[in-house]
Amino acid sequence: MAALPEEPAEVAAVKPDPEAGTPPQPPAAPVATVASSSPGVAAVAAVPPGKVGGGVVVEDQPDVSAVLSAYNQQGDPTLYEEYYSGLKHFIECSLDCHRAELSQLFYPLFVHMYLELVYNQHESEAKSFFERFHGDQECYYQDDLRVLSSLTKKEHMKGNETMLDFRTSKFVLRISRDSYQLLKRHLQEKQNNQIWNIVQEHLYIDIFDGMPRSKQQIDAMVGSLAGEAKREANKAKVFFGLLKEPEFDVPLDDEDEEGENEEGKPKKKKPKKDSVGSKSKKQDPNAPPQNRIPLPELKDSDKLDKIMNMKEAARRVRLGPDCLPSICFYTFLNAYQGLTAVDITDDSSMIVGGFADSTVRVWSVTPKKLRSVKTAADLSLIDKESDDVLERIMDEKTASELKILYGHSGPVYGTSFSPDRNYLLSCSEDGTVRLWSLQTFTCLVGYKGHNYPVWDTQFSPYGYYFVSGGHDRVARLWATDHYQPLRIFAGHLADVTCTRFHPNSNYIATGSADRTVRLWDVLNGNCVRIFTGHKGPIHSLAFSPNGRFLATGATDGRVLLWDIGHGLMVGELKGHTDTIYALRFSRDGEILASGSMDNTVRLWDAVKAFEDLETDDFTTATGHINLPENSQDLLLGTYMTKSTPVVHLHFTRRNLLLAAGAYSSQ
């Protein structure tokens, strides 16, 4: 990969820490930031050659004055508009094949030139520069431009986060060598040093050999806060396969046997034993080693649950374009407390709601009521050897359909049941994640690590571990028995809005308000994938059951599909008209369901979306992705609610689709 020729050599690592209290001492020399090639480190500072004393390793937030000092080398403020319009004219008159690629320069140059003018206190020139050119920027940068327009004085730039992000992380552009040479020649002929300085200082140009990309190809990938991901960022090997399931003998029920013997029965009626047995004997070549990360031992109750699961799976409906799932919608009526989060247990027996009045409410969805364990005095009287001891420890007097859990001091934004249904997680605006017991319906632990609102939390598919993400731009991995996080995943440039475990529990996906999705390795905390392409904050993530693909939904109303192994976008599903808050694959991955604020649930043909993908090495190397415009062919159905935004989706073990949301009367 060709870096820019004039890049400085010495590099001092800077580790941005979102929770830093005290700013570090500024380095002796003006600092220019150079994007690092290791995905784990967010920004690296380099000292221009010839300056002294640059080897200071800075631990905390990059110091604002050091970061801004790069804006000192300024040109004549009155010529900025001329410089920019000159470049604009050059790009608009260049050949079509280069124009699309070079147009990517408009936005980052516009921002940096504006900030440079503001920093050097040319307020009127900055204002006229902004007014003249802000209309030319792509529509998906509107929110960023709104923040920018409020920065009109040097003082405003001091504590502004967006500002700092833009300064500390280089904006990444992916451009073919031909287009880059064209640009370089133009700027050098014109002696247009101001723009060339910005390109050198603040942009990271990832040059590839080959055909320039078309407007569609570029539009598909851009739109995030820091441009595209570097190609290097998606090169690491990812073990996306599934772990081997433990083998059980599934006892046949009478009805199972009838099902098998009747003629003309579809083959799928066979008990899952054969297919599960044969599947688990062969190790998935893409799976991580079984002991790559320590996973909890299976308890007897877990084994029983697995056997129940297999029996249910034997009766699972095979979904497809000709056999769509039934959808059962749980509407929260009169939810004046404000419903902010929902989760449903894997066996679909309980549903939990997190509310803006800081309560967590758990309902039983089956006729079996929720009961607490008896008091210690009563428990000592029970015969522990009896067969139904698990029934006897429950206190019938406490039986009810609904339990309310009090403890948070702010809206509850995320909830997650543990796979064994003994625990429940909730995270809140109060900065804590709480672990509740579903045996006693009391709070066991409050995990304090985030200093700001926590937007999402989720249990690992194997229990024990869980992940949380919040306003401090960091995701944290926890284990239920540690009060400190085990891993901190730092790298996003804005809030981490949603978190999801990969089915093999070795990876975690996070979606952020910086409009990127990142995949993190639980083992070492490294970022192994960065996916750019959404034009708004990401609010939902779903891994396909086979672990190969990831679906993401955002405020831009698009669902994007990603091939994790190759690190490529492989599909775009357009149809929703508002934020997508829920995504879920059916149990065998044939159908993707999406739920949105536009009051609809949509079903998409996942098999068709992922078949015959072009994932050859060329595509992977250059990012020439050709997204088929086939959203309409893949859309299998749209289901409207009367006036209920869809907050959560869940496929039962038999592939009935459950959806949930709160009725809004406006």
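Cβ atoms are placed via backbone N, Cα and C, with glycine included.
Record features (TrEMBL):
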- 1-20: compositional bias 'Low complexity' (COMPBIAS)
- 75-203: domain 'TFIID subunit TAF5 NTD2' (DOMAIN)
- 250-261: compositional bias 'Acidic residues' (COMPBIAS)
- 332-373: repeat 'WD' (REPEAT)
- 405-440: repeat 'WD' (REPEAT)
- 447-478: repeat 'WD' (REPEAT)
- 489-530: repeat 'WD' (REPEAT)
- 531-564: repeat 'WD' (REPEAT)
- 573-605: repeat 'WD' (REPEAT)
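Here the repeat 'WD' (332-373) returns a mean pLDDT of 90 for the predicted model. For the repeat 'WD' (405-440), the partner stretch with the most Cβ pairs below 8 Å, chosen from 332-373, 489-530, 531-564, is 332-373. Here the repeat 'WD' (531-564) has long-range neighbours at 140, 220-224, 227-229, 238, 240-242, 286, 494-495, 497-504, 509-513, 515-519, 570-585, 587-589, 592, 594, 596, 598, 604, 606, 609-610, 613, 615, meaning same-chain residues at least 6 beyond its ends whose C-beta is under 8 angstroms from one of its own. Under 8 Å from some Cβ of the repeat 'WD' (573-605) lie the Cβ atoms of residues 313, 316, 318-321, 324-325, 327, 329, 536, 539-546, 551-555, 557-561, 631, 633-651, 653, 655, 657, 659, 661, all in the same chain and six or more residues away from its ends.
Sorting the repeat 'WD' (332-373) by DSSP state (H, G, I as helix; E, B as strand; all else coil) yields 0 helix, 22 strand, 20 coil.
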